[in-house]
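Before any comments, here is the structure.
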Amino acid sequence: MSHFVEMQSVEESTDLGTVLRKGREILLQGFNWESHKYDWWRNLEKKVPDIAKSGFTSVWLPPAVNSFSPEGYLPQNLYSLNSSYGSEQLLKALLNKLKQYKVRAMADIVINHRIGTTQGHGGIYNRYDGIPLAWDEHAVTSCTGGLGNRSTGDNFHGVPNIDHSQHFVRKDIIGWLQWLRSVGFQDFRFDFARGYAAKYVKEYIEGAKPIFSVGEHWNSCNYNGYGLDYNQDSHRQRIINWIDATGQLSTAFDFTTKGILQEAVKGQFWRLRDSQGKPPGVMGLWPSRAVTFIDNHDTGSTQAHWPFPSNHIMEGYAYILTHPGIPTIFYDHFYDWGDSIHEQVVKLMDIRRRQDIHSRSSVRILEAQNNLYSAIIGEKVCMKIGDGSWCPTGSEWTLATSGQRYAVWQKQ
């Protein structure tokens, strides 16, 4: 707990950028694992008016640069904006449309690894001859077949991992990130952030000055022989330590909250109150840096590595859209799961905005039982999820919206 108190004081005294201070963000993940098959930049451009009207502040776009794999996560020529999602021209049309509608574009920054163009040391494709940023084997970590230093993080296996400890590599990456900013990307999402030291993320943010950054620091929650542990403090602490090591400049996806919430909705809502009486994810300790979400292109979509129970997603959204943190909505849920889900999510977004719930809003948890969770947020909004029946006492509360197994009230 002492760590949290100390963080709060740093929070108030440091200039961390307007967006982080205001804490009014709502993000849209604007793709899934199959999007590269569907003329994606053109598809998204048509949706920009709806994205803006719904109240999203930023759209996370899939990796926009040349890649060995169609999904974009095996990059090669970082300066080519022609990808399976569409041409550079179509991307720029989308970025212009987002700018016109005052929605920020978030670039997916894949800099843990890079596919080589030619064989070098050891007969491995670990050189980058013939394309911009024509690095040699010294740009690749020794643990993945290069002549660089050992990795400062976990290895992404099977491909050359970039050695961020090399000054020339960092200089080139900062130059590339600045170029992405000039192209029209304002926010960054750092892919596989476990793969290299967080101090380099700090340097990249300071060098390219994105308006908002989020890191994917994803490792497994704590499980026992019976399932998910109640106590996930060590899991969230790893994410908190990473945020801290970025100089508090980046936010991080709250994988802890996702892991707990998707078990809670199955009739274990007691999980949503930690031993201190707070929310049990990163949101409960450092909400202004916790980017909450239900599913993404890895956990859900056609990969389904760790999916949220599909018949409970509205309870999930009722939770993250009424609570502190920075909520993220997944493209599939918003655009592919029918008009009803779209309308229900927009309604929850409207309530969040109207009642001015933000990333640092207070939470008072009232009930956390098997089949019921209820809380008051910011003393302005009150909510319940689960099968259990519950409503707030006091005539000042009026029902703002409700759906299957969730309800939200607001003060008159």
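Cβ coordinates are placed from backbone N, Cα and C, and glycine is handled just like the others.
Model, not experiment: these values are computed from the prediction.
Per TrEMBL, domain 'Glycosyl hydrolase family 13 catalytic' is recorded for 25-364.
Taking all protein chains in view, 19 other C-beta atoms sit within 10 angstroms of the C-beta of D191 (active site, nucleophile). The active site, nucleophile annotation in TrEMBL covers D191.
According to TrEMBL, the feature active site, proton donor maps to E216. In the shown protein chains, 20 other C-beta atoms lie within 10 A of the C-beta of E216 (active site, proton donor).
If you look up TrEMBL, you'll see 353-411 marked as domain 'Alpha-amylase C-terminal beta-sheet'.
Here D191 (active site, nucleophile) is positioned 5 angstrom away from E216 (active site, proton donor), judged by their C-alpha atoms.
Within the domain 'Alpha-amylase C-terminal beta-sheet' (353-411), the DSSP-based counts of helix, strand and coil residues read 2 helix, 29 strand, 28 coil.
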